[in-house]
Amino acid sequence: MAENTTTIAFTEEQEALVVKSWNAMKKDSAELSFKFFSKILEIAPPAKQLFSFLRDSEVPLDQNPKLKPHAMSVFLMTCESAAQLRKEGKVTVRESNLKKLGATHFKKGVIPEHFEVTKQALLDTIKEAVPELWSLELKDAWAIAHDQLASAIIAEMKPES
């Protein structure tokens, strides 16, 4: 059984920046999650092919019934994991969920480099959502948090056993 026992160096200041910005964004998380996902597709249009509910859809993104719930779950998981990183010292997504996420990403043909796109989309979304809080320090804190979650998923990207 794979365990994510790596303790993460995430400073108190980084945690405070992430928590403060996440608290400021939470109330708009439905709208922001859609923006986040739209940015992924803007940065990497071929990513649309990775999602069965988008692949052959002619429906505009904002009218796709499956996109918003998916975007919301990805955005919330990313942000909640980031906010818990220092307190827990590791990614707080349950191991069974990480295994499922890893297997699903593997099956869909996701490669580690794809997570750079999600990181850029996340940072762009946060920068637009809380411009008054945006700084190099905030960017770095969110980048570290994203990379920790991405690494945990990538570690589980293998065929289901």
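One is the number of the first residue shown, and numbering goes on along the chain from there.
Cβ from N, Cα, C; glycine included.
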Swiss-Prot annotation (motif 'Homodimerization') - matching range among 42-46, 77-81, 127-131:
42-46
If you look at how Swiss-Prot annotates this chain, which of 60-72, 99-111, 112-124 comes out as motif 'Homodimerization'?
112-124
Cβ contacts under 8 Å made by the motif 'Homodimerization' (112-124) with residues that lie 6+ beyond its boundaries:
36-37, 39-40, 42-44, 47, 50, 78, 139, 142-143, 146-147, 150, 153-154, 157
Candidate with the highest Cβ count within 10 Å, taken from the binding-site residues SER52, THR104:
THR104
When the number of other CB atoms within 10 A of each residue's CB is tallied over all shown chains, which of the recorded positions HIS70, LYS100, HIS105, LYS139 has the maximum?
HIS105
For the C-alpha pair, I'd like the distance in angstrom between LYS139 (site 'Homodimerization') and SER52 (heme b binding site), rounded off.
31
What whole-number distance in angstrom separates the two most remote CA atoms of the heme b-binding residues SER52, LYS66, HIS70, LYS100, THR104, HIS105?
19
